[in-house]
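What TrEMBL says about this one:
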BINDING   ARG9, ARG26, LYS37, ASP46, GLU50, SER84, GLN88  substrate binding site
COILED    5-64  coiled coil
DOMAIN    1-92  domain 'Chorismate mutase'
DOMAIN    105-285  domain 'Prephenate dehydratase'
DOMAIN    299-376  domain 'ACT'
SITE      THR278  site 'Essential for prephenate dehydratase activity'
Amino acid sequence: MALDLTEIRQQITQIDRNLLKLLSERHRLAFDVVRSKEVTQKALRDVEREQQLLQELVRFAENENYQLEPQYITQIFQKIIEDSVLTQQVYLQKKLNEQRERDIHIAFLGKRGSYSHLAARNYATRYQEQLIEISCSSFEQIFEKVQSGEADYGVLPLENTTSGAINEVYDLLQHTELSLVGELAYPIKHCVLVNGQEDLSQIDTLYSHPQVIQQCSQFIRELDRVHIEYCESSSHAMQLVSSLNKPNIAALGNEDGGKLYGLTVLKSGIANQENNITRFIVIAKNPVVVSPQIHTKTLLLMTTSQQAGSLVDALLVFKKHNINMTKLESRPIYGKPWEEMFYLEVEANINNPDTQAAFEELKQYSNFLKVLGCYPSEIVKPAKV
Ligand SMILES: O=C(O)C(=O)C[C@]1(C(=O)O)C=C[C@@H](O)C=C1
């Protein structure tokens, strides 16, 4: 005879509570690990150990006949390890940069419910701080708020896995005295949001931010003669659709934001690329010191001479010093037609003497060189098994 659903659910709830208790115990061990590594000065990340652990867990489950897919086990434990790495990182960073307040003012683009707002919320949660929200209407305003001291931090999107670099933010970085102090990846899950229960075929106008429209272009193309209304952010779009309260309009936004405006999801998973992730940067007035035990990135701004091969010569410096480059972007220089400003992101800590030697050497090949920031890489790439 089949068991009663209520009873089964009670068992599930109990098991989930037990899992939570174990997860909390494991989370707490991250503090013991980092305190031990503070003494030994060992690097926080040990990919070899992670690989061994993951392999061992898959083998263990198989031997015990737990009936769990290896991929399922790996994914869950990669997430658990990510939490452990970030917990350790935050612990060290908070100790090194003690000026952090409990209440932090963060400026971001758009209203509540924008992706930038959700990313800002994530950043504050990561550092266990109380977020005081400063919503801005342009990227430029975010820089101004941090410059004036009104905001402690600014959160800005820098690139997206579908639409690429966000040029406006790169261009603003060219002229700022502010520093990059952090990064975070936020998964973007666009959906169609409406006021009522209408059908997709009834929608004749879509409201959203140009970036969102671009990221959902394939889905939009398949719709019949739909008119696009560009908004300054996806949260503006959601608010507008909510207040207009018309049956034939929809906003492209996110589910959490939609809830804030009383909208319902008509269709989800509409982005061109399934793995749609935006990398956000965090800017502040003062640079942070990054522990040498942490995986660190540095963003440089550089111009080279106009001679042939000058960029190649500059890049060879990184090869010589065994510094991995994770990004190379170029942007035009305002007022200097056909000259380019290069943005180079490298896996290096500015306080490392080797990095300093490399940057010193780089000066020979560049007309202009500036460090925009050195920050902990808070994107934990999972260890492969
Ligand atoms: O064993 C360690 O050194 C840890 O820091 C713990 C841990 C884990 O959570 O299992 C986390 C990060 C390391 O990359 C390896 C493993």
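Including glycine, each Cβ sits where the backbone N, Cα and C put it.
Annotations in TrEMBL come from automatic prediction, not curation.
A straight line from the CA of ASP46 (substrate binding site) to the CA of THR278 (site 'Essential for prephenate dehydratase activity') spans 26 Å.
Under the three-state DSSP scheme, ASP46 (substrate binding site) falls in the coil class. Listed recorded positions: ARG9, LYS37, SER84, THR278. Those with a CB atom under 6 Å from ligand 1: SER84. For the domain 'Prephenate dehydratase' (105-285), the model's average pLDDT works out to 92.
DSSP classifies SER84 (substrate binding site) as helix under the three-state reduction.
A separation of roughly 22 Å, to the nearest angstrom, links the Cα atoms of SER84 (substrate binding site) and THR278 (site 'Essential for prephenate dehydratase activity').
Site extent for substrate: the farthest pair of Cα atoms among ARG9, ARG26, LYS37, ASP46, GLU50, SER84, GLN88 sits 42 Å apart.
Its own atom aside, the Cβ of ARG26 (substrate binding site) has 13 Cβ atoms within 10 angstroms in the protein chains shown.
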